[in-house]
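As structure tokens, the structure follows; a few thoughts come after it.
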Amino acid sequence: MAATTDVKKVSILGKESIHCGFHLIPYIVHTVLTELPASTYVLITDSNIAKFYLQAFETEFDSNLSGLSNGSHARPRFLSHIIPPGEMSKSREGKAVLEDFLLLNKCTRDTVILALGGGVVGDLVGFVAATFMRGIRFCQIPTSLLAMVDSSVGGKTAIDTPHGKNLIGAFWQPEFIFIDAALLETLPPREFSNGMAEVVKTAAIWNDSEFNSLEARSAEIFAAIQTPSTNHAGRSEKTRSKAQELLLSVIIGSISVKAHIVTIDPTEKGLRNLVNFGHSIGHAIEAILTPTILHGECVSIGMILEAELSRQMGILSQVSVGRLTRCLKAYNLPVSLNDPRIANLPTSKLITVERLLDIMKVDKKNQGNDKKIVLLSRIGATHEQKASVVPDSLICKTLSDSVTVVPGVPSFNPVKMTTPGSKSISNRALVLAALGSGTCRLKNLLHSDDTQVMMAALNELKGARFEWEDGGETLVVHGGRGSLSVPTKGKELYLGNAGTAARFLTTVCTLVQKSPTDEVETTIITGNARMKQRPIGPLVTALRANGSEIDYLESDGCLPLSIRPNGLKGGTIQLAASVSSQYVSSVLLCAPYANASVTLELIGGQVISQPYIDMTIAMMKTFGIEVTRRTEKGTGKLLDIYDIPKGSYQNPPEYSIESDASSATYPLAIAAITGTSCTIQNIGSSSLQGDARFAQEVLARMGCEVTQTATETTVHGPPIGQLKAVEEIDMEVMTDAFLTATVLAAVATGKTRIIGIANQRVKECNRIRAMIDELVKFGVDTNELDDGLEVIGKPVNELKKGASVHCYDDHRVAMAFSVLASVIPDTILEEKRCVEKTWPNWWDDLQNKIGLEVKGIELSTASVSPSTPFASSKSVVLIGMRGSGKTFIGELAATALQWTFIDADNYFETANEIGVRQFVHDNGWPAFREAETKLLKGLLSEKSQNHVISLGGGIVETPAARDLLKNWVSSGGIVVHVARNIEEVIEYLGLEGSRPAYGEPVSEVFKRRTPWFAECSSHRFINHVEAFAEGKMVVDPADTKRGVRQEVARFFNHITGVSVNLSQNLTPGRRSYFLSLTYPDIMLALPAIEDLSAGVDALEVRVDLLRSKEEVDPQGKHIPSQAYVADQISALRRVTSPPLIFTVRTVSEGGAFPDHALEEAASLLNLAINLGVEYLDVEMRLPEQTIKQLNARKGFTQIIGSWHDWSGRLKWDSFEAQAMYDVAARNSDIVKMVFTASSMQDNFACQTFSTKTNARPSAKPFIAINMGAAGQLSRILNTTFSPVSHPLQPSRAAPGQISFAQVTKALHLIGDLPAKKFYLFGSPIAHSLSPTLHNTAFDILGFPHTYELLETSGIDEDIKNTINSPDFGGASVTIPHKMNIISLLDRLTPAAKAMGAVNTIIPQTEGGSRVLVGDNTDWLGIRGSIATRIAVGQIHAALVIGAGGTARAAIHALSDLGAKVIYVWNRTRSRAEEIRTSNAEANIQVINELGSWPNGTTPPNVVVSTIPASETSLQDEPDRLVYPNSLFAYRDGPAIVLDLAYKPVETPLLKLAKMTASNWDTAQGVEVLLQQGYAQFEKWTNRRCPEGPVSKKVWEVYHSRA
């Protein structure tokens, strides 16, 4: 042993067995060999630790054991054993492995085991030592901070089970615990933080002075662990550095507390419960999040939640909760389940209140059903000297994300209370004291998120030093005299959604001076998503103009900012102050430290919130700097110009912060609305805050009795229901209080108009819009104004109950609506924690100080996935640039929906009897916009149902019109933005002259209107006319034109619900599949899309894989642009009609989309809904609010809630799997779970889980598969939307993915898809193309079926035996059997009944019995051939030639297509009359002469011939029908002639059409054969026929025969 090893010893259970020091390996070996003689020493460690320290132990033991003997025996043995790292080893199986190792090596009862490792190794080895041969000696050598201060001390040993952590174990004290702090030098920083959670916990329950040290010295303590020692420095005290001394003192301080507690209560009968502070809830969280989230991280969250529980019970102050929160944050520990490290985990969705309470039932501290939790009473002390019994209801309230207030009269009436310190004053005081000279004690500082953010930022800037006194009631600020530094490398000033901090710190950061020691060149200020939207542009513009170098890192005008350390120049600064007074205060506060005195000129219109500027100036004066506001000479009028001298703030010894006047409005308003009394202390007429006027200027006018002294405000409310509306209230001086006034106005009789609050649109949310949207839920009407809103109040009893208020993560919204909740039953306030910004204990104070009961609510227990809505007949509105194609698209949409189309410009001209161009010329654009808005209002009122309304391009130019459109959307209406490439629009507008000129470049108009179009629309239709014009894609232009028509019909039918485009195979008993497209550019797939999509029910667009040629971001960091994605979807839609699945797969779930880009993912998913995509794959790891928002606006889009686990850790029979399913089922229409298989058994487990889940009542469609080659069987067995690939694709979307054909072949091999035989019955049929059609399709899709000819002259025994055979799959029927076959069938479809003939036999199982169904698809063949050329409803008149069975099919098809009149000609008129009589519902007219139409009627634009071509001619021939040219008299649009004869290739009728009229398209009989064959195939197999390749093959055979 090294001669100079100094250790510090800690006594436990009367023995100094805890030895602490540095570089102790020689000391440990010497002590063990000397103090614990044994025949065998066994060191057990894990593979992570072994690579660092095992060799050193082996060398030291070998050296010390040389020549050493144990009595008369041979020298003792030294053995080592390495286990896998992680919690998985801490199990029954892991314990058995160690015991077998000891037995195999013939270890006896005198063996000593050394546990070298973290908590897992120590717990496991300790339990083995406790039970092996009924107990052997062991020593703990912890290598992690967590193990050093917690698990190694006290003799607790245990293993985990699937039911929870540490449930099986024993108390078994180690002989020695060796704390070698040098082992922490290899510990990752996260693991160090993990251990600090236990250190903080110990101080929090026992030692306030130790906690003070931890609170104040976090940076030093972190630095200590990051300072490695060399040459064994620290082994002796004289070589020990200050950093090492600090680290060791922290460890020993924590250990000493636990050792003391263990000595008093070794077996945890009472006092030892205290070390479980944070563990009751923390362990429950850990059980769900392990192993991703560490023990200390879970305990950290648990400590805050248990502290909040103490606060809720009135035991602990908010000051203590705030201190604990700040301290844990200082060690980089999470303090909330909303921490991104937690919230972004898929498993975080499994955390529910119910689940946590269930896990907490199994806790060793509990007594029966009573849960026991350690409750803090203050920092350094607990409520009891043991864990306390806490009811589930209180725990539930703490854990719940939402609350409800039980209406009633406040039980503490009259209420007398103080509110937390003012946020505005607290933030200003922090900046002033930090910049000042000397020490200042801040009293009544607000303990909230905002002030924590400000303190943390000033700390990072090294601008001041903070410490706490009076148990955290007083903050001591040691001012930095304006000396500020750039934060260290990797540190950004993250401000969350703290707007005040963002504005103030922007100017503070300009004061930073460059230093040679700077690791980075700039200071970065950033925030959360909302903060990145809030404006800061005017302040940055002013500072830039003054010489500061500030760059926007993302969007102009918003955070994040990069600020160079050049100091503030000073001189004259011009600042626009019409948006926020905080810009003004930011410059004022920092101006004394500029290089020159500052003259601040406020420009840009009305200055907002002057009282806050006055507040800043008054506080600056208190800190020694006097600001002068200039006045106008002669009049004395105050000017918006301020002179600020150079100087330094002199900190007053003490500064007391007023209570927050904005917060005071809530308890005062509760008194007003409930007819009770409330007195707020520390807020009165002498207040610096403008919101202190709220009582006199708002509540008094609403009928309250108000008494206000200089320091106190009392309000007596009128009887409930007797608040009075106020005609107009200007709240410009107290803008934050307008939300409180708004909820009171909701129950005040009459209309209340609130103005002067325009700046509230750019706060934590758009507060004006938020109040309007949430009041609607109560049935309260409002009107939005430019600078405020009007509220039309109602009697209390008329407001709707049970509203769920979305709080927008805005504290003011939540607290304002809690006032309304005090009188409206069952109101739910979502996001209760948003109040932590200014009043963290609001919900506790509401119950404990005001006397209204508050209950916890868990929203996620109910499904947030609404059922599919009913089809809407509300009119559809089209907006978009002039030239975008609104009229063209609108007419097609109206035709598809069978609604009426209105062009608003034409409507305007009719209504006003003047053209638009002339109206603008005569009256000007403003008058036109006003008239246009009035017209829109009328259209939405008078044409509100079953219309498609196309509006002018400039309709979005006025706020009034935009509001009308937005209100239409919010009321359930649809507004579609028709979008087109701007280049195409400009080209079109160069040719179009019916509308007045813009007077500015079209591109500028486009740029201005684009965000308005997005703001006002619910959907977007991409109409890029030239999308296929680059010459790169081999796409038939005719197909493209048809594709536009079909896509318009699909899009508008789907978004309105008139005819949703969803897969029909998502039903029990059927199989469904989707193809995962893996192309970076889908245009590459278009020529082969028919082949690619063969057999599948939907196409998945992997948006995360999309990448244009210009985008070069690396995999896992690339985010495709919305424009590119929208164009890709549009291009795909033009050529194929199956439903689309829109997927943004993240890296952690096996995709390429960045995990952190949650907002961008949400934006893309919302884009999919806008584009009318049918299915949306939503990863359940996304934030809950995002998922709720997608569900709220999905319309007829169905959500696939997906989980993907690549780790292989999750198993189908685990609790996690069931919980994951439950989460997805609540939040989606279809559940998708994808795990990773390691063996065939995983596929059987998957199938078992799926079968059990699908057996639930009302079970949702469920995709359950395994990834990897071992998981391919699960893909075959899965029945719902199995993802498949295709050999033509560039890559597979996931490992183990196979093609549709491979799936069907595999299903046949395992007996799940038996081979069937299909037939054609009839005569003569030798030359039929049907076998070619169906056998080609079977082959392409991998089906084992065959299609054969069965030629018979009559319905004989061969046919009867065939249709009764078990392997009969179906049959086509042709002449002469179409009617005679009916007697053998069990039932007919309506189509077969209508035509009196059958051409298709379909075997089906109904009620367990096999039935034969007769159908007729001839009409579908005819319909399909016509519909690809002429839209539904566009057949003005049609002619059918012939009167046989096929003619009946033609009439059925034409009727279905909406033909207005159908002419029938037949040589035998009586046969034609029979058809007319039997189809009474159709408008059929029998004509005597071909080509002769009734006078004044439109000639047909569809002609169908059902007679043999051999009986027709273009010239006079005997016994042949001669076709006249007048058949094709229609010239005004698309038209088609269809000849059902197969031969010749070009019949006389088709030849005449080509010769006569260019607008007439032609279709041959083979095309109809194909169309009806496709229909037959789908009816037999439930699979769409692969039309492209089948058609190609059939035509090849047909032409070869012809």
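For all residues, glycine too, the Cβ spot is worked out from N, Cα and C.
Listed in TrEMBL for this protein:
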REGION    1-392  region '3-dehydroquinate synthase'
BINDING   46-48, 87-90, 118-120, Asp123, 143-144, Lys165, Asn194  NAD(+) binding site
DOMAIN    82-193  domain '3-dehydroquinate synthase N-terminal'
BINDING   Arg134, Asp150, Lys156, Asn166, 198-201, Lys258, 272-276, His279, His295, Lys364  7-phospho-2-dehydro-3-deoxy-D-arabino-heptonate binding site
DOMAIN    195-366  domain '3-dehydroquinate synthase C-terminal'
BINDING   Glu198, His279, His295  Zn(2+) binding site
ACT_SITE  Glu268  active site, proton acceptor
ACT_SITE  His283  active site, proton acceptor
DOMAIN    417-846  domain 'Enolpyruvate transferase'
ACT_SITE  Cys834  active site, for EPSP synthase activity
ACT_SITE  His1204  active site, proton acceptor
ACT_SITE  Lys1232  active site, schiff-base intermediate with substrate
REGION    1315-1602  region 'Shikimate dehydrogenase'
DOMAIN    1320-1401  domain 'Shikimate dehydrogenase substrate binding N-terminal'
DOMAIN    1437-1514  domain 'Quinate/shikimate 5-dehydrogenase/glutamyl-tRNA reductase'
DOMAIN    1565-1590  domain 'SDH C-terminal'
Cα-Cα distance linking Lys1232 (active site, schiff-base intermediate with substrate) and Ser144 (NAD(+) binding site), given in Å to the nearest integer: 39
Shell of the Zn(2+) site beyond Glu198, His279, His295, same chain only (C-beta within 8 angstroms of their C-beta centre): Leu146, Asp150, Ala197, Lys201, Gly278, Gly282, His283, Gly296, Cys298, Val299, Gly302
Spatial neighbours, same chain, of Asp123 (NAD(+) binding site) - Cβ under 8 Å, 6+ residues apart: Lys90, Ser151, Lys156, Thr157, Ala158, Ile159, Asn166, Gly169
Distance [Cα-Cα, Å, rounded] between Asn48 (NAD(+) binding site) and His295 (7-phospho-2-dehydro-3-deoxy-D-arabino-heptonate binding site): 18
For the domain 'SDH C-terminal' (1565-1590), distant same-chain residues with Cβ under 8 A (at least six beyond the ends): 1064-1065, 1070-1071, 1090-1091, 1093-1095, 1097, 1138, 1318, 1329-1330, 1333-1334, 1336-1337, 1340-1341, 1343, 1369-1370, 1372, 1399-1400, 1402, 1415, 1417-1418, 1420-1425, 1538-1542, 1598
Cα distance (Å, whole number) from Asp46 (NAD(+) binding site) to Val275 (7-phospho-2-dehydro-3-deoxy-D-arabino-heptonate binding site): 27
Residue pair His279 (Zn(2+) binding site), Asn194 (NAD(+) binding site) - Cα distance, angstrom, rounded: 14
Cα distance (Å, whole number) from Asn194 (NAD(+) binding site) to the residue listed as 'active site, for EPSP synthase activity': 27
Predicted model, mean pLDDT over the domain '3-dehydroquinate synthase C-terminal' (195-366): 89
Site of maximum Cβ density within 10 Å, from recorded positions Met88, Val200, Val275, Cys834: Val200
Distance [Cα-Cα, Å, rounded] between Arg134 (7-phospho-2-dehydro-3-deoxy-D-arabino-heptonate binding site) and Glu268 (active site, proton acceptor): 22
DSSP helix/strand/coil residue counts for the domain '3-dehydroquinate synthase N-terminal' (82-193): 50 helix, 33 strand, 29 coil
Most crowded position, judged by CB atoms within 10 A, among His283, His295 as recorded positions: His295
Candidates Gly119, Asn194, Glu268, His1204 (recorded positions) - the one closest to His295 (7-phospho-2-dehydro-3-deoxy-D-arabino-heptonate binding site) by CA: Asn194
For Arg134 (7-phospho-2-dehydro-3-deoxy-D-arabino-heptonate binding site), the number of other Cβ atoms found within 10 Å of its own Cβ: 7
Cα separation, Asp46 (NAD(+) binding site) to Val200 (7-phospho-2-dehydro-3-deoxy-D-arabino-heptonate binding site) (Å, whole number): 27
Sequence-distant neighbours of Gly119 (NAD(+) binding site) in its chain (C-beta under 8 A, six or more apart): Pro142, Ser144, Leu146, Ala147, Asp150, Ser151, Ser152, His295
Listed in sequence order, residues with CB under 8 A of Asp46 (NAD(+) binding site) and six or more positions away: Ile82, Ile83, Pro84, Pro85, Gly86, Ser89, Gly117, Gly118, Val120, Val121
Residue among the recorded positions Glu198, Glu268 whose Cβ has the most other Cβ atoms within 10 Å: Glu198
